[in-house]
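According to TrEMBL, the protein carries these features:
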type: SIGNAL; residues: 1-20; note: signal peptide
type: TRANSMEM; residues: 68-84; note: transmembrane segment
type: TRANSMEM; residues: 91-110; note: transmembrane segment
type: TRANSMEM; residues: 122-146; note: transmembrane segment
type: TRANSMEM; residues: 158-180; note: transmembrane segment
type: TRANSMEM; residues: 254-275; note: transmembrane segment
type: TRANSMEM; residues: 295-313; note: transmembrane segment
type: TRANSMEM; residues: 334-356; note: transmembrane segment
Amino acid sequence: MKHTVSLVYVTAFLFLFGESIQPAPRIAIYESIICDRHYADTAQNGPYDCKIAPVQQELAFLGGIERLSIIIPSLLAIPFAALADRCGHSFILSLAVFGIFLEDGWPFIVCWFPDVFPIRLIWLHFFFCFLGGGFTVVVTLLHVIIADVVNPEERTKMFFRVRAAGVGASILGYAASGMAMKVNQWLPWALGLGSLCIATVTARMIPSTSASNHQSAPGHSVIAGDWRLRVRSFCRKLRHTTAMLIGNKQVATMLVLVLLCQLGFDSVPLMLAIYVSKRYEWTFADASFLNSLEMSVELLTLVLLLPLLTSHLPYKLRSLCSFDKDKYLTQGSLAALAVGTLCLGFAPVVFVAILGKCATCAEVTRHRP
């Protein structure tokens, strides 16, 4: 168990480090290619201003579609989770990490040969996530493997450590990205791909666990043989779930809100880098340090603020039921998110924008189990 948990920590660290070190150089390289293409079409000589509206609009559109397309492979999370129960969690985990390596490597090739490939071909990157299921499968299996090898009493502590390893990796990744970009824009992107390669190896080294290990072979073959029974069972469960969602407006509303919030959180790093770079004339390397600051505040929230809020509540709040406590915590968290977002949008100077960003990432709702 000890080696399994250690390998999970290492895999989580390498994977999230590889993912967090890449966004800033990718945006900078995308902007450079779009800018060169724009001025080549206009046949304009002299120094190029890459912060003009047409270039930034194309950059935001390019990055937005790139992030949105990742949603498509996430639909395969459930089939790959079922496959992991049969083939082994570590095998599917390594396959998913390798698929993400290919997903990030495809835009690298497209951008390396800008005269050969149109820049919008990077949108095809999501096809590689069909190999393994993408980011959702990686995060899910990391937690499933830990849940399989540790006692129920220790799971919360282990999950917290995995999250802490991920946040630490993101802090280092964003900071390293900013420093490496000052040497060469391509360097952090290449380092990120290398980190994903190593994460693929460490994921495969994790001792295999699967739900099928606890099932008897005869019973399994009987169930596998009657495929019609499985189809009927699936249809019944689908009808039951659909009826529950349609009949419960609160649940349906919550699912829609969660989807919108997740889309927002996923697109913020990209759009924030473009926004800060244009409005405050920062380089993308400097904007990467802002992401590192964000993750640092999130770590402080996770380690200090959230435990303090839950253990030192006033008596009136401590006497409330768990639902009411969570409701008030959520309302306060959303207030901090709203204030921080307004500061980001209307800040006259970058210092106020930084304070707003700290307020948005200090909101504690997303850290609640």
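Backbone N, Cα and C define each Cβ position, glycine as well.
Between the transmembrane segment (122-146) and the transmembrane segment (334-356), fewer than three CB pairs separated by 6 or more residues in sequence fall under 8 Å, so the two stretches do not touch. Using a Cβ-Cβ cut-off under 8 Å and counting only residues 6 or more beyond its ends in the same chain, the transmembrane segment (68-84) has close neighbours at 91-93, 96, 123, 125-126, 129-130, 132-137, 140-141, 144, 210, 263, 266.
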